[in-house]
């Protein structure tokens, strides 16, 4: 794989990430028009949704790694089997999680967000049940798109992702802005969009794709050995995502105790920070395919070279985007119609993060993606879990609640966690153990 091929892979992923973050920004802005309670409810539930969705997305990532390594190895038959195994396993996990959450939604909301106002909890209940129904739809899209990225077909992955996300925004405009249905409207929109996206993904896979050669029957006859390979990467990453996002969820719980304004500040700052990280996030997805195919060919030196380039590019992108976006802060934050009292807090949280992420984000997020693509899933997962709970959760509680620093203390702890885990991943990358795993 050369740099021309990498750029051809990267740009569709970049466009996809830009649309996802940009459209989420628009969606958050639209629901903000329904009031602080509505945006707080959606943000609370989305912190739980991210925790749950990332479990089966992690398994889809295992599928991407296995597909990429077989592609690099030139074994097209096993590429097809890996794709089928990924779709089947991810769909089953998503369906199980969705049914579990629907069955226990009331005690779950009371346990996590019981201190929120009754109005916020009522809206959160509607959104949690509705979004849980949609898990199967987004799982299918994620599994298909992950397999397509694994073989380097990021344009097709982009096309399928855009169908789902653009439809979601258009339906939100209809249900929220025109029909004034608030959280219920957003819930209906997310289900229609995700299941329509899943239908398009499967149609593309069965009728249009000329690389993966998947048929419907393949989804029901997946060799156990193939599932083991996918889960070897996917399960440690899923466990990492559960603990990692469980920590973020616990952080959200004590943000709720800071009040509705703190919840809104965190929601808006998180949305804007996501805009700053679009190019770097695209690199973290691209590196999985690049390193996976290099390791599949047995070319470790190329993998090292590309990873170093990606780390530098990530920091450069974060610098450029920060310099371009911060002068437009008031224009961007105005999209959310926030109360005047929280605009200052949003600015300082965002400025701090924009500066700190330049040296730390790439080694904290791009590098573990590269290590995982080489099969080093267990080490990256354990490191991420430990640093999350020791720094983002415990330090976040000490700074934000105990020392009274509020939302600023919570975000400072998060940035500290990036630094610690990034340093550990750099130490691992300089050694030899990360590429010694036998996956295919």
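Glycine too: its Cβ is placed from the backbone N, Cα and C atoms.
Copied over from TrEMBL:
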| type | residues | note |
| --- | --- | --- |
| TRANSMEM | 7-30 | transmembrane segment |
| TRANSMEM | 50-70 | transmembrane segment |
| TRANSMEM | 82-104 | transmembrane segment |
| TRANSMEM | 124-145 | transmembrane segment |
| TRANSMEM | 157-179 | transmembrane segment |
| TRANSMEM | 185-206 | transmembrane segment |
| TRANSMEM | 218-237 | transmembrane segment |
| TRANSMEM | 249-269 | transmembrane segment |
| TRANSMEM | 310-334 | transmembrane segment |
| TRANSMEM | 346-368 | transmembrane segment |
| TRANSMEM | 389-414 | transmembrane segment |
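Most Cβ pairs under 8 Å with the transmembrane segment (50-70) belong to 124-145, among the candidate stretches 124-145, 157-179, 249-269, 310-334. Residues 52, 55-57, 59-60, 62-64, 66-67, 70, 128-129, 132-136, 138-140, 142-144, 146-147, 150, 205, 212, 214, 218-223, 226-227, 229-231, 234 of the same chain lie 6+ residues outside the transmembrane segment (82-104) yet bring a C-beta within less than 8 angstroms of a C-beta in it.
Between the transmembrane segment (124-145) and the transmembrane segment (185-206), the number of CB pairs under 8 angstroms, six or more residues apart, is three or more, so the stretches are in contact.
Remote same-chain partners of the transmembrane segment (310-334), defined as residues 6 or more beyond its termini with a Cβ less than 8 Å from a stretch Cβ, comprise 268, 272, 275-280, 283-284, 286-287, 290, 343, 346-347, 350-351, 354-355, 357-359, 361-363, 366-367, 370. For the transmembrane segment (249-269), the partner stretch with the most Cβ pairs below 8 Å, chosen from 7-30, 157-179, 185-206, 218-237, 389-414, is 389-414.
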